[in-house]
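**Student:** Features from TrEMBL:
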| type | residues | note |
| --- | --- | --- |
| TOPO_DOM | 1-18 | topological domain 'Cytoplasmic' |
| TRANSMEM | 20-38 | transmembrane segment |
| TOPO_DOM | 36-53 | topological domain 'Periplasmic' |
| DISULFID | CYS45-CYS48 | disulfide bond |
| TRANSMEM | 50-68 | transmembrane segment |
| TRANSMEM | 75-97 | transmembrane segment |
| TOPO_DOM | 94-148 | topological domain 'Periplasmic' |
| TRANSMEM | 146-165 | transmembrane segment |
| TOPO_DOM | 168-175 | topological domain 'Cytoplasmic' |
Amino acid sequence: MNRSFDASSRLLARERGRLLLLALVCIALVAGALYLQIFKGEDPCPLCILQRYGYLLIAVFALIGASATRWRTVIVSEVFVLISTLFGIAVAGRHVWLQSHPSFSCGFDKLQPLVDSLPPASWLPQVFKAAGLCETPYPPLLGLTLPQWSLVGFLLVLLALVRSMRSRRRELSRL
């Protein structure tokens, strides 16, 4: 019994460490987007802002899980990380599609009033206020556009989360 408890505690500590790392990576990605906005003049569009929300939600839920002392809290936080990740994949996927089909845009983004009316846009307008158009192509970074990189980031979060959950399930079943 004591051996099983120790293994479960080690597993919980490892999972909490992974969630902390995930939160830090997501915060770094948003910081990178802010760098491009402030120092490179690449104004964020409404879909960019929604992707920031996605990464920040992942970070918040991952931090909740990283600070948890019970498995139940970790699992619930991972479910919310998963939901936030799927939201991010949908938004980034739409953004990639829109940039590859610019003729479908009318020049005015219908999402902008909605995104700009969310409370964080008034609290931190520099971070959460949309100023660009979704179809504006900025120079690629290492061959990919920013929406493509964002989609890759969300897909990697999904992959890491699923891999971690499967690994944990296998190890817990051995206890």
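Cβ atoms here come from the backbone N, Cα and C positions, even for glycine.
Show me how these features fit into the structure around them.
**Tutor:** Within the chain carrying the topological domain 'Periplasmic' (36-53), a Cβ under 8 angstroms from the stretch's Cβ atoms is held by residues 30, 87-88, 91-92, 94-95, 98, 109, 111-112, 114-116, 120-121, 126-134, 136, 138, 146-147, 150, 154, all 6 or more beyond its ends.
Other Cβ atoms within 10 Å of the Cβ of CYS48 (disulfide bond), summed over all protein chains shown, number 25.
Beyond the ends of the transmembrane segment (75-97), by six or more residues, the same chain brings 19, 22, 45, 47-48, 50-51, 54-55, 57-58, 61-62, 64-65, 68, 134, 145, 147-148, 150-151, 153-155, 157-158, 161, 165 to within a C-beta distance below 8 angstroms of the stretch.
Sequence-distant contacts of the transmembrane segment (146-165), counting only residues of its own chain at least 6 positions beyond either end whose CB sits under 8 Å from a CB of the stretch, comprise 15, 18, 22, 26, 29, 33, 36, 42, 47-48, 51, 54-55, 58, 78, 81-82, 85-86, 88-89, 92-93, 95-96, 99, 138.
As a summary of secondary structure, the topological domain 'Cytoplasmic' (168-175) carries 7 helix, 0 strand, 1 coil according to DSSP.
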**Student:** Around the Cβ of CYS45 (disulfide bond), how many other Cβ atoms lie within 10 Å? Please give the count over every shown protein chain.
**Tutor:** 24
**Student:** Could you tell me what the rest of the chain brings near the topological domain 'Cytoplasmic' (168-175), counting residues at least six beyond its ends with Cβ under 8 Å?
**Tutor:** 4, 7-8, 11, 15
**Student:** Give the residue counts of the topological domain 'Periplasmic' (94-148) per reduced DSSP state, in the order helix, strand, coil.
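**Tutor:** Counting residues per DSSP class in the topological domain 'Periplasmic' (94-148), I get 29 helix, 2 strand, 24 coil.
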